[in-house]
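These come from TrEMBL:
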| type | residues | note |
| --- | --- | --- |
| ACT_SITE | A:D66 | active site |
| ACT_SITE | A:E135 | active site |
| BINDING | A:E62, A:D132, A:E135 | Mg(2+) binding site |
| DOMAIN | A:20-146 | domain 'RNase III' |
| DOMAIN | A:174-242 | domain 'DRBM' |
2 protein chains.
Amino acid sequence: MIRNYFFSFLRNTKQNKGLITSVKQIAGYKPFRLELFQLVTQHSSIAKTLPNGFKASNERLEYLGDAILGAVVADYLFKKYPFKDEGFLTEIRSRIVNRESLGQLARKIGITQLVQEDLRASKVNYKFIYGDMIEAFIGAVYLDRGYKFCRKFIIKKLLIPHFDLDQIIENNTNYKSILIEWAQKENKEVAFEIVKIDEEKRKKEFHAEVILNEESFTKGIGLNKKKAEQMAAFKACKALDIL
Amino acid sequence: MIRNYFFSFLRNTKQNKGLITSVKQIAGYKPFRLELFQLVTQHSSIAKTLPNGFKASNERLEYLGDAILGAVVADYLFKKYPFKDEGFLTEIRSRIVNRESLGQLARKIGITQLVQEDLRASKVNYKFIYGDMIEAFIGAVYLDRGYKFCRKFIIKKLLIPHFDLDQIIENNTNYKSILIEWAQKENKEVAFEIVKIDEEKRKKEFHAEVILNEESFTKGIGLNKKKAEQMAAFKACKALDIL
């Protein structure tokens, strides 16, 4: 019994040391509250249930980190592009902060180190785990060191070294073609319609609709037909969860 | 000519004084950078276009304020409810931060004072303007005074005095009935199906689908049938923009 305790203590210490090293490598500082980062490693599939019935997984941290990341990226883009409108800013932000790109980022910065053996053994989808984990990690840094520090961490350690903004801006994903492709595969009918051109505004505004199986599905507004259709298609892709 | 200049100067000064008073009333401090709050009042329908073709409206500030508000509310709820899961936190946040509730909040705190005469004269939908304006106002406070100050402003001046969290939590909006009502009005067919019960997880997980005109539309997961259906219905309401 005592022996077991002793070994579990040793194992924990070794694990903790590894965790401290990982956090240092990723965030550039020794964590103040190690328990926050221990929680980062607790994917819901392996998380322990507390005596009060609450499951201590990283999902709460992920929810928090997602919001903080969104705010920091919003702020960063706002200041970097003083003459770009909110449509541009929203679009570029969503290209940075999405599961796919966060998953790639997680691999680059070594979040993979934080995946524990019992999680490796389980059969969860890694593609999602990594992106979730990076958000949880951001949540932990925020709670450990506050907004200002966390903002610096996100900008200096994540955004600047790992995202080429010029390339992200150039890469005009064609949501219309993504939607059309999906519809063909799923055997649905999809069409695009310009339903209104608003000439009352100083600049003409085009209103487009995605028609899915003959029903109006999503709407988009833009300064030309193409932009309006792309926005409607983007919303449809989001609603259908196919991005 | 000179006379016109003179009067425009007087008018501006009077407007500025009014604006300073309004900001003081709403945020509790005299603005450092008044131009930020001048921008808050510039709804896109009346905003000036700069020589470089950029329209100086409050929409960029609104984008920023939306993100900051999201982060602050996320943080606030995270700390207030240490044993609630992220589903609860996300849901309560969305009940606080939505257009309808922000519009009501805007009226309560007197954002209406910031609506200028030329905007009053135009025929825009006020319901939306106020909620947008409050987000822009938050963006301006954030840029003017930083995150920490803005966080305090949001919590002490907006959240605590104007939102009764217990009541918000109790108010279990029934998304299923909202969706059914909408479908009847719009002459659509809507149905709910439990498509899977996952017994492999520690706790059973129910997977529900909203079927719209005989097509799978949105999905929801929950620890019981009702919760799964509500989540699927909530997503459908969001996708259809009927909340």
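The backbone N, Cα and C atoms fix where each Cβ goes, and this holds for glycine too.
Note on A:E135 (active site): other Cβ atoms within 10 Å of its Cβ, all shown chains, come to 27. One way to see the shell of the Mg(2+) site is to take the Cβ centroid of A:E62, A:D132, A:E135; the remaining same-chain residues with a Cβ within 8 Å of it are A:N58, A:E59, A:L61, A:Y63, A:G65, A:D66, A:G131, A:M133, A:I134, A:A136, A:G139. In sequence order, the recorded positions near chain B (CB to CB under 8 A) are A:E62, out of A:E62, A:D132, A:E135. Following the DSSP three-state reduction, the secondary structure of A:E135 (active site) is helix. Residue environment of A:D132 (Mg(2+) binding site) contains 25 other Cβ atoms, counted within 10 Å of its Cβ in all protein chains.
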